[in-house]
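Annotated features in TrEMBL:
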- 551: active site, proton donor (ACT_SITE)
- 594: active site, proton acceptor (ACT_SITE)
- 23, 24, 242, 550, 551: FAD binding site (BINDING)
- 283-297: domain 'Glucose-methanol-choline oxidoreductase N-terminal' (DOMAIN)
């Protein structure tokens, strides 16, 4: 059934009620509604944003960020260790969620760790099955020799062929694609030609969620929902902001979720009588917010904001992690075709025509090459030992380090894993992304007529831990999002080494053949009288420019309750009988690749878990 009115929606008695029509929520809804006798409802705060050019056209990736129709435009609290900056924290809004605004497969050990910390059945082999279930891969039409040249995968055994999300390579390639791969090899980092087997260190070209026959991006809305929107047992309510989960005490002391309260244009409504499960798929920022508004969380925090505590669960909203990035920008040879050509209206017309035949700049995602580096690629053995030593709660300035014992216990377990990853030469600590154009920055614009590339330096496994919490009992007020950047000093030191590797790429052949000069960071950051002063200037640059990569996880962690966990291995919130969480907030530790594939896999696995419940 298509999107319905509020009157129609509240008249149903749902088997499953899903809060959030984003990446995981719509995938889960599609799978649960495969049974025609099961009634599934989805409540989404945004609208139905089908066939919007900025969503559909790959070359427009990122253009919806900070657009309040499609992005929640959340802001962080001031970051005390990043020059007190308030940092934009984009999150997708509308059917499809963050799959509308963002665009590889995680490292094997990162999924095996889920089982290691107590979640039986959550491991690489299991989740690989679900990743494959959700996708259809289209191999490149390049020859084997050309595929190797541009660092494309030629091993498709680890990818799916029957799923709703299409994945493909672009049809056109720049010489910088091969140049960055050759340069990486010159720096001791190999081409990675098997991208789906869980071994992620190396350089490869990007698979994108794009249908190669149409050059249209594929999101949760277009892949999972649209083909199934006609099902009479799948109902979607949009523009409805959920304000709390309605709980009912059970005889055994647990709480049962019986429905939700939501607001449309300030008018409150409820949907009650849920027969099986109420499922939060509101994402890493809003899942903990809704839990706290519902009386689930740290009792001290809830009481402070006038909310009666119902379930004492101090892990709610804690343990937030995200990849942290810093942009670099360089001018390159004017013969290269970068996004700057689109400043010419005639070129826009040309590329619009090329797009019709799946060619040109609009037909491909502009982020085209990804380099993953392990700790040994970034520093000396002494550096690695130093970073490893700081994987310790007493080196991290956070609530978990000094306050609540269960949070400290859980973080200690995570840090033991981080220590192992630092020593593992097959485990990435950094990602370096090549983008064919000048990154959008409010204080820095491209000079007309010049060509640019951006290379983004990214910290993949920050030791710092942040939080997301309510600031009042007002459900419409945004939560306080605190990434807590550089609360562990190892993060900043490691980031300097990541940035140095990034800058070295510009200066190393063959990439340097196209390089004409750095724009960001400026020479004042680099021309220093000593190595120590250069390090200090780069640290200042990182603090001034750092931001998220839109991959937040961890705020409803799937961990034992005594380690700060919020949900068990069946995704059930502790202290409840039927309230579940299905989104990236359940991941207790950040993965080293982009999180969209993981979000789909979590939903696919969750559907099978729920179907198996008696």
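Backbone N, Cα and C define each Cβ position, glycine as well.
Look at the Cβ of each of the active-site residues 551, 594 and count the other Cβ atoms within 10 Å; the largest number goes with 551. DSSP assignment over the domain 'Glucose-methanol-choline oxidoreductase N-terminal' (283-297) gives 11 helix, 2 strand, 2 coil. Listed recorded positions near residue 594 (active site, proton acceptor): 550, 551 (candidates 23, 24, 550, 551; Cα-Cα distance within 10 Å).
In the three-state DSSP scheme, residue 242 (FAD binding site) is classed as strand. Between the C-alpha atoms of residue 24 (FAD binding site) and residue 551 (active site, proton donor), the distance comes to 14 Å. Binding of FAD is attributed in the record to 23, 24, 242, 550, 551, and the widest Cα separation among these residues amounts to 23 Å. Annotation for residue 242 (FAD binding site): same-chain Cβ neighbours under 8 Å, separated by at least 6 residues, are 19, 20, 43, 45, 260, 261, 262, 282, 290, 475. Residue 551 (active site, proton donor) carries neither a helix nor a strand DSSP state and counts as coil. Local packing around the binding-site residues 23, 24 was summarised as the count of other Cβ atoms within 10 Å of each Cβ; on this measure the leading residue is 24. DSSP gives residue 23 (FAD binding site) a helix state.
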